[in-house]
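Visitor: Before I ask anything, let me first share the structure, which is written out below as structure tokens.
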């Protein structure tokens, strides 16, 4: 199970999404997951091996690295992307349940031939009734997860900028030791890029929420 | 999600492209993405490890590397290729939307073969022409922007063999040596040349589309 497996799973959900939902999914896969896999992972690849401290004290390097980077950006982004894409599975489960109910109804009314069963599988579900509530919940959860992770990033790495130099005083480092981070500029560029795409995704989710609410109100009136 | 998945996604768009568009997509995948993955990534693989500075001062190497290479060529090419191939998805979305509209209209009327509708190739005219032309326009803009970014960051496209670094904590001026400069210059020029070819293909496609629509225009009025 890797990103390609997740892509296969979520592509199925795509069929029952709104147009904005499909755009959101494309942005997630192309501008976030793909950039993470082909570019960002190699930038952070040597983050520990190239983290150099101005001391020969054994253990100081490890302790300082652990102090300043409790969890690496790459792992945080991977967790964020997994949690943000997973609410779509709520919708997939609800659609599967509705299709199951439709099939049972066909069996009861005596229309259980192969052609009707195939049609149940293929036709697109309208986002109305209980499916509307499930869909809206999934969008709200997506927004929540995005916001929480952006806050965690801000708390762990204030200002989103990667520093070139950190001053470390943790035991066993003698007094204060200068430690140098590898590729700080490239890391800052990618952090800002991922932040911007995260913001774009939040905007798309809010637009989708507004669209669903407006559509439901228009239907009711 | 990697280059293979992008190829699968864009392969679908290929069906609705012009011949020049199909050639462009082939050049993109074979001469740019494939070269990036099988060759260029190995050349730049040891860029930081083998970046050697003539000093024992800890941290000097990191700081100098960061100063001279704010963003690596490989990452810039990866971003360029992602941005340049994405406008084709606008066309894919438009085609999907057009098909959806056709299905809706036909469902109200008579029943038709849904599978046949999926396989029919849409002609590039009307609003699809505008979407297609916009996508080519954006491709050209992104290519040009990235070529400019490359030129601005790494003046002259040539990889220097030696850089002189004065950033703190390096003492005074320190000589730092870049690993595989000739090989890197070769690949930079190669990727630049292919980028130029892609831009020319895009310009040719744009001209072709404009001429096609101008020729169709007078025929409609007669």
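Placed from the backbone N, Cα and C atoms, the Cβ positions cover glycine too.
No curator has checked TrEMBL annotations; they are predicted automatically.
What TrEMBL records for this protein is below:
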type     : residues  : note
DOMAIN   : A:42-75   : domain 'Connexin N-terminal'
DOMAIN   : A:145-212 : domain 'Connexin cysteine-rich'
TRANSMEM : A:21-40   : transmembrane segment
TRANSMEM : A:77-97   : transmembrane segment
TRANSMEM : A:131-157 : transmembrane segment
TRANSMEM : A:189-214 : transmembrane segment
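Relative to the rest of the structure, where do these features sit?
Guide: Non-local neighbours of the domain 'Connexin N-terminal' (A:42-75) in the same chain are 36, 153, 156-157, 166, 168, 170-174, 177-183, 186-187, 190-191; each lies 6+ residues outside the stretch with a CB under 8 Å from one of its CB atoms.
Across all of the domain 'Connexin cysteine-rich' (A:145-212), the predicted model scores a mean pLDDT of 92.
Through the fold, the transmembrane segment (A:21-40) approaches residues 3, 6-7, 10, 13-14, 73-74, 77-78, 81, 84-85, 88, 190, 193-194, 197-198, 200-201, 204-205, 208 of its own chain, all at least 6 residues removed from its boundaries and within a Cβ separation under 8 Å.
With a cut-off of 8 Å between Cβ atoms, the residues of this chain six or more beyond the transmembrane segment (A:131-157) that come close are 70-71, 73, 76, 79-80, 83-84, 87-88, 90-91, 94-95, 98, 125, 191, 195, 198, 201-202, 205-206, 208-209, 212-213, 216.
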